[in-house]
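Please find one structure pasted underneath; my questions will follow.
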Amino acid sequence: MTRYKATISYDGYAFAGFQRQSHARSVQEEIEKTLTRLNKGQAITVHGAGRTDSGVHALGQVIHFDLPYQIDEEKLRFALDTQSPEDIDVISIELVADDFHCRYAKHSKTYEFIVDRGRPKNPMRRHYATHFPYPLDVERMQIAIKKLEGTHDFTGFTASGTSVEDKVRTITEASLIVDETGQFLTFTFSGNGFLYKQIRNMVGTLLKIGNNRMPVEQIALILEKKDRQLAGPTAAPNGLYLKEIRYEE
């Protein structure tokens, strides 16, 4: 068997998430169906580095799969790209070692979250940015977001009832920029891993801080108390993008 690593992007609007599901459309299943056709009907299993939720997009998701033969990477990329649905793009494919695993190999992830604060909202962006038409103090949010950097127990920012026991993660970058029109905010988070709904919960909290309904110090309090009830609401999934996954050499 020959193992291939692929970088893909997808529009998450019409998917119930990356992971295969029994009664809903998923990115994993669509790619497996295409690979199975290319493999003359013999089933191929796809593994993903991250499990994006329903409605979440990806600019640089990484997958791997095994084929019973070796083929030129660009020919394989072209075939997989052109025969996959239009809301999936295959950016690159490369041969990797047989023991490479896209999920367990040491890596970092970068996510972006886009907020549209336009009045009125832009209907063309409704599936690709979360609308928040209320007053926001960007400077307050820029101060608060920096308090998320570093190694912390992020229990207070994960979904209640998550089965993951170790909730300590390291965020190497947490930043917020505003585009030149002032309408779109981009939150960026890079780190060694993120908990279930962690980024959406952090963004929901930051928006509440920006709207002066929480103090800047709330971030430190949530990290200290590890209490989800102290954080803001979960931001909608449509603004979230898995931007990039980087593997250590």
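The backbone N, Cα and C atoms fix where each Cβ goes, and this holds for glycine too.
In case it's useful when we look at the structure, here is the feature table from Swiss-Prot:
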- D53: active site, nucleophile (ACT_SITE)
- Y111: substrate binding site (BINDING)
Measuring Cα to Cα, how far is the residue listed as 'substrate binding site' from D53 (active site, nucleophile) in Å?
13
Including all protein chains shown, what's the count of other C-beta atoms within 10 A of the C-beta of the residue listed as 'active site, nucleophile'?
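By my count, 16.
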